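Everything on this sheet refers to the single structure shown next.
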Amino acid sequence: VFEDASPVATSVLDGYNVCIFAYGQTGTGKTFTMEGTEQNRGVNYRTLELLFKIAEDRKKTISYDISVSVLEVYNEQVRDLLASSPPAKR
């Protein structure tokens, strides 16, 4: 899956907004595909690693300001997976 998603990292650094969207039934492996394990990292970690490697390679010619959002939509509720505290509003 990462090989198919890896061109996204270059697109981000070329100025495009990008979303990697995992969709499917419960129990089909979305979380494992995106997160993986410490020994077998998922798409999220591999893509970010590539993104920062490309940014490092280009640092002599361009400077980047990178931000990331990780959201979960479950039972019609949107949750920010990077938030340090629960949101006040849903």
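Any Cβ shown, glycine's included, is placed from N, Cα and C.
According to TrEMBL, the features are:
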- Gly24, Gln25, Thr26, Gly27, Thr28, Gly29, Lys30, Thr31: ATP binding site (BINDING)
- 1-90: domain 'Kinesin motor' (DOMAIN)
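The binding-site residues Gly24, Gly29 differ in how many other CB atoms lie within 10 Å of their CB, and the one with the most is Gly29. On its own chain, Gln25 (ATP binding site) has no residue at least 6 apart in sequence with a Cβ closer than 8 Å to its own Cβ.
On the 0 to 100 pLDDT scale, the domain 'Kinesin motor' (1-90) averages 86 in the predicted structure. For the domain 'Kinesin motor' (1-90), the DSSP counts in helix, strand and coil order read 32 helix, 10 strand, 48 coil.
With the fewest other Cβ atoms inside 10 Å of its Cβ, the least crowded of the binding-site residues Thr26, Thr28, Thr31 in this structure is Thr26.
Of all the binding-site residues listed (Gly27, Lys30), Gly27 has the fewest other CB atoms within 10 A of its CB.
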